[in-house]
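Participant: Per TrEMBL, region 'Disordered' is recorded for 1-23. Sequence annotations record features per position, and here TrEMBL assigns transmembrane segment to 40-61, 81-103, 124-145, 165-187, 199-221, 248-269.
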Amino acid sequence: MTKEVVGEKGSFSGKDYQDPPPEPLFDATELGKWSFYRALIAEFIATLLFLYVTVMTVIGYKSQTDPTLNPDQCAGVGVLGIAWAFGGMIFILVYCTAGISGGHINPAVTFGLLLARKVTLLRAVMYMVAQCLGAICGVALVKSFQSSYYTRYGGGANGLSDGYSVGTGVAAEIIGTFVLVYTVFSATDPKRSARDSHVPVLAPLPIGFAVFIVHLATIPITGTGINPARSLGAAIIYNKDQAWDHHWIFWAGPFAGAAIAAFYHQFVLRAGAVKALGSFRSQSHV
């Protein structure tokens, strides 16, 4: 319950933020707005750039550590550098596109925001299409620039590493995506945004850092998906059997993780269930 601050001229709410109203499931008026198409373009270009830089980094690292080309196995950026490439690009791209499209760059993030009624179904579906197309084009650019290295070093495709079960791979993707989407909800929470509005870099920073940390943890297991568009783009352009084996993991895991994060933030941390049921409201504080 919001506290009331009493002054000489009466009372006013001490709440310095306002929760936006939930988005309708479908809003056909979006189709007539240029801002809608501008957002789609922003998501397409952002995902294209994301896949281009990150897959190029992965291919470069594998070529630098190929013992037939370089006997120094400590050469290259290493797993730490790959994680920084993914996290750093998300930080940059979210910062650049947040004011245009919201800076999703990930179908799992879009799905989580849809469940929380932050975006309409139409916008969510079109964002996912734009993201997947952008990912495909981004990986295609990598292949066109490094065609020989691209095929030799796996095309940046995700896959379940030897020694890990399917269950472990799914769990890694669920938990990794939960961390990311939970961070997105927390970083963009209206209450936090109102308090930290004078520091606009704060929202993209933890989101990018979450991607970095998750990559450190899950690269050895699945190569780190947590983004169905990223996994799909690499699989389509590489198009080898190993890229499609267990590909469903990189959709089911991220979507499940996003759904859990949306439920946790909206109905546990933000007490959405209490508001929906109209019960369990405390009357002990004003």
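Keep in mind that glycine also has a Cβ here, set from the backbone N, Cα and C atoms.
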Participant: Can you tell me which of 40-61, 81-103, 124-145, 199-221, 248-269 gets the most C-beta pairs within less than 8 Å of the transmembrane segment (165-187)?
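Facilitator: Between the candidates 40-61, 81-103, 124-145, 199-221, 248-269, the best contact partner of the transmembrane segment (165-187) is 248-269.
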Participant: Residue list, the transmembrane segment (124-145) vs rest of chain: Cβ under 8 Å, 6 or more residues beyond ends.
Facilitator: 36, 39-41, 43-52, 55-56, 59, 101, 104-107, 110-111, 113-114, 151, 155-156, 228-230, 232-234, 236-238
